[in-house]
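K.L.:
Sharing a structure below in structure tokens format, with a few things to ask.
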Amino acid sequence: MTKFIFVTGGVLSSLGKGIASASIGTLLKSRGISVSMLKFDPYINVDPGTMSPFQHGEVFVTQDGTETDLDLGHYERFVGINLSSHNNVTTGQIYSAVIEKERKGEYLGRTIQVVPHITGEIQERIRKVAKKDEVEVVITEVGGTVGDIESLPFLEAIRQFRLEEGRENTLFIHLTLLPYISSSAELKTKPTQHSVGKLREIGIQPDLILCRTQIPLTGEARSKISLFCNVEEKEVIQAIDVENVYEVPLRFEKEGLTDKILHKLNLTASKTDLEEWQRWVERVNHPRGEVSVGVVGKYVKMKDTYKSINEALIHAGAANEVRVNTVWLEAEEIESQPETYLASLHGILVPGGFGMRGIEGKIEAIQYAREQGIPFLGICLGMQCATIEFARNVAELGQANSSEFDPHTPHPVIDLLPEQKKIKAKGGTMRLGVYPCELARNSLSHKAYGENEVYERHRHRYEFNNKYRDLLTQRGLRIAGTFKDKDLVEITEISDHPWFVATQFHPEFKSRPRSPHPLFRDFIKAAMKRGSQTLTEP
Ligand code: GLN
């Protein structure tokens with residue numbers, strides 16, 4: 001029988017509810033308990049795939065090709081599981097499903113209402129995760145902040161859920177913020193009191209309160225929260241700010257959170273197995289050297305857009321025992337003066353993206369990396385730009401472009417496949433999810449993976465145009481990976497370069513702390529060869 005944990009957030013957004021939920025998953029898994037995760041997103045979009053990165057941050061892609069919230073990335077990395085479409089549910093999906101059933105006449109003449117129909121559909125989605133993933137515990141993170149109009153149906157649904165499943169099978173954890181007022185040197189509990197008050201108004205009494213705080217939780221704050229929020233003092237748990245998010249599970253463990261959860265859910269578990277995690281965290285915190293990698297993107301002011309890339313660089317750094325100092329560069333700004341921004345870097349990465357803004361800056365950055373022998377990793381749009389750069393500057397196709405940016409280019413080296421040309425609707429219609437990629441022997445990619453065939457996740461509409469394959473390869477571009485069934489180019493490399501790899505897929509989605517992605521790992525290794533600074537322990 002499955003048990004259910006619900007994580008809600010109070011006071012304000014960006015408290016790290018995703019990391020907290022993922023950490024709880026890590027901890028239960030470290031006790032030998034099988035876990036799956038579910039994220040509820042209260043917006044009306046069916047999925048985040050159609051949203052601007054400025055609005056939403058990264059769109060994480062699961063194996064089955066679902067475009068999901070970036071918290072699923074945290075879950076996969078922390079808990080070490082692969083999630084699917086049923087692990088991310090939005091208001092848009094709930095309403096679409098209910099309206100579709102109504103049109104089919106499935107409600108037999110009844111009036112369709114938020115309670116019980118919308119809330120019923122939400123509960124069904126929680127049970128679906130338990131059933132499909134066959135785990136002992138499902139952790140559900142309710143997006144948004146308590147008090148928002150949008151998240152109300154989700155909160156009402158989980159209130160009812162406890163009634164049906166029983167107290168011993170459900171647990172409510174509330175993450176809140178204790179602001180520190182330096183003038184009076186005090187942690188303030190009032191916002192927490194209000195947010196728990198809001199929860200109790202709708203019938204949810206949290207079992208555990210996680211207090212995000214800058215300084216250690218004081219006894220006074222603990223007892224106030226206990227008194228006003230109707231929990232015992234031992235149920236108030238410190239969630240102190242940390243530099244390295246992978247430390248959060250270790251901190252929670254120290255606070256006794258795992259034992260408290262197990263006790264409340266009446267679960268028996270094995271001895272904790274966090275030693276390896278701990279060693280890995282130490283490795284991240286005590287690097288032997290440092291390399292600087294420039295990420296040339298167009299949404300760099302919104303760091304969440306490149307979440308998985310950032311994490312994959314951390315994992316790759318740890319594997320090489322260096323800290324990766326990531327320099328976020330706005331592509332438009334480096335246009336016409338790449339040297340100023342790029343000369344001091346040990347590696348250059350051009351990530352995925354859409355639309356034409358910043359393209360020329362990215363192409364210039366790639367040309368600089370190619371000509372100066374700086375290790376380069378291009379991802380999706382980064383690979384497409386690398387193809388354009390090579391076509392223009394090496395194969396002398398001056399006006400080469402992607403038909404995404406110039407529909408009338410005489411040399412569409414990146415183009416739509418005929419089946420994509422027919423598609424009009426934007427939602428969920430790109431090449432999405434896992435495809436096999438066969439690797440060319442003796443390529444840098446083959447060396448990195450140590451395998452002949454790999455499976456990687458995609459999210460793009462445009463492809464390498466095979467009409468230019470012969471010309472470009474004659475000039476020295478190497479096709480290092482292909483999707484055999486459709487003869488699509490998946491990886492390009494440049495042979496007479498220290499390390500130049502560009503992939504049509506997104507390797508960052510598969511990188512995990514203790515199994516860093518091979519391409520990221522070798523990219524950082526190559527960057528170290530270019531020059532890394534040795535750090536001396538203080
Ligand atoms: N815009 C490009 C395409 O649709 C690249 C997409 C991406 O980088 N994820 O093919």
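Glycine too: its Cβ is placed from the backbone N, Cα and C atoms.
Annotations in TrEMBL come from automatic prediction, not curation.
On a predicted model such as this, the values are computed, not experimentally measured, just so you know.
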K.L.:
In TrEMBL, Gly353, Leu381, Gly382, Met383, Gln384, Arg461 are given as binding L-glutamine, so which of Glu332, Glu404, Glu438 is in that site too?
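P.N.:
According to TrEMBL, the candidate sharing the L-glutamine site with Gly353, Leu381, Gly382, Met383, Gln384, Arg461 is Glu404.
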K.L.:
Check TrEMBL: it lists Ser13, Lys188, Thr189, Lys190, Pro191, Thr192, Gln193 as binding UTP. Then name which of Lys132, Lys224, Lys234 it lists for that same site.
P.N.:
Lys224
K.L.:
Quick check on the annotation: TrEMBL has Ser14, Leu15, Gly16, Lys17, Gly18, Ile19, Asp71 binding ATP, so which of Val236, Val242, Val281 does it put in that site too?
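P.N.:
Same ATP site in TrEMBL: Val242.
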K.L.:
For ligand 1, which among the recorded positions Val242, Cys380, Met383 have a CB under 6 Å from it?
P.N.:
Cys380
K.L.:
Roughly how many angstrom lie between the C-alpha atoms of Cys380 (active site, nucleophile) and Thr189 (UTP binding site)?
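P.N.:
Here the two Cα atoms are 46 Å apart.
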K.L.:
May I ask which residues of the same chain, at least 6 positions away in sequence, place their Cβ under 8 angstroms from the Cβ of Gly18 (ATP binding site)?
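P.N.:
Listed in sequence order: Lys39, Leu70, Asp71, His74, Tyr75, Glu141.
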K.L.:
Compile a sequence-ordered list of residues in the same chain as Val242 (ATP binding site), six or more apart from it, whose Cβ lies below 8 A from its Cβ; state 'none' when nothing qualifies.
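P.N.:
In sequence order, Val248, Arg251 meet the Cβ cut-off.
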K.L.:
Compute the C-alpha separation of Leu381 (L-glutamine binding site) from Gln193 (UTP binding site), stating it in Å without decimals.
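P.N.:
Answer for this pair: 47 Å between alpha carbons.
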K.L.:
Roughly how many Å separate the Cα of Gly353 (L-glutamine binding site) from that of His506 (active site), to the nearest whole number?
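P.N.:
Between the alpha carbons of Gly353 (L-glutamine binding site) and His506 (active site) there are 11 Å.
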